[in-house]
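Student: First the structure, then my questions, so here it is.
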Amino acid sequence: MKILKIAAIGFLMASSFMSAQFKQAPLPYAYNALEAAVDAQTMEIHYSKHAAGYTANLNKAIAGTSMEKESLFTILSHISKESPAVRNNAGGHYNHELFWTVLTPKKDTKASAKLAKAITDNFGSMDAFKEKIAKAGADRFGSGWAWLIVTPDKKLAITSTANQDNPLMDVAEVKGTPIFAIDVWEHAYYLKYQNKRADYLTALWSVVNWDEISKRYDAAVK
């Protein structure tokens, strides 16, 4: 129950997370807007095929069950009791809906003073933080995600999860409210970077939306 409360304040809740029929939010920029790090073809396939598929398949997986009346956060909180189809697609829907918002074509975003201090306090410096979360993404074997989260005791932590799992799930080794996510599935970068995941992780910093991450941090620590 505690994690549900964290989730409720840590994510700016959209109607797509609160209805029986989950919906994919519009991409907040053009497919080619992040070319500095992510090519247009990758973005289009990622959003319109992969992510859209998770949303559609989540709705199919929960059809005719009590989960049609539950929020996404509630579903994630008891995911250990659900089928692989629900686990994979509920995670995939949430993870991508977050991922799109923490990227931006804007060039002038920066961490708020409050978030920057928390990052320095927890990881030593901004550069050290970037190295640690990039390592979490690079070291994730196979497919998965790297995360910056706010833990239940309001501290920042870096973690990674396999496949479409996330820190809101009751199965997560490290639980908390995600405020930043990095997709390290090959479909997120392979067309541009091939097997060079580390190059993708480095390039992604040029399109990170620190304004959004800062807002999410403020909400999570209230």
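The first residue you see is number 1, and the count goes up from there.
Each Cβ is built from the backbone N, Cα and C atoms, and glycine gets one as well.
Any TrEMBL annotation is an automated prediction that lacks curation.
Values in this document were obtained by computation on a predicted structure and should not be read as measured data.
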Student: Could you look at H93, H96 and say which one TrEMBL places alongside H46, D183, H187 in the Mn(2+) site?
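Tutor: Between H93, H96, TrEMBL records just one in the Mn(2+) site with H46, D183, H187, namely H96.
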Student: With DSSP helix as H/G/I and strand as E/B, how many residues of the domain 'Manganese/iron superoxide dismutase C-terminal' (112-216) fall in helix, strand and coil?
Tutor: 50 helix, 22 strand, 33 coil
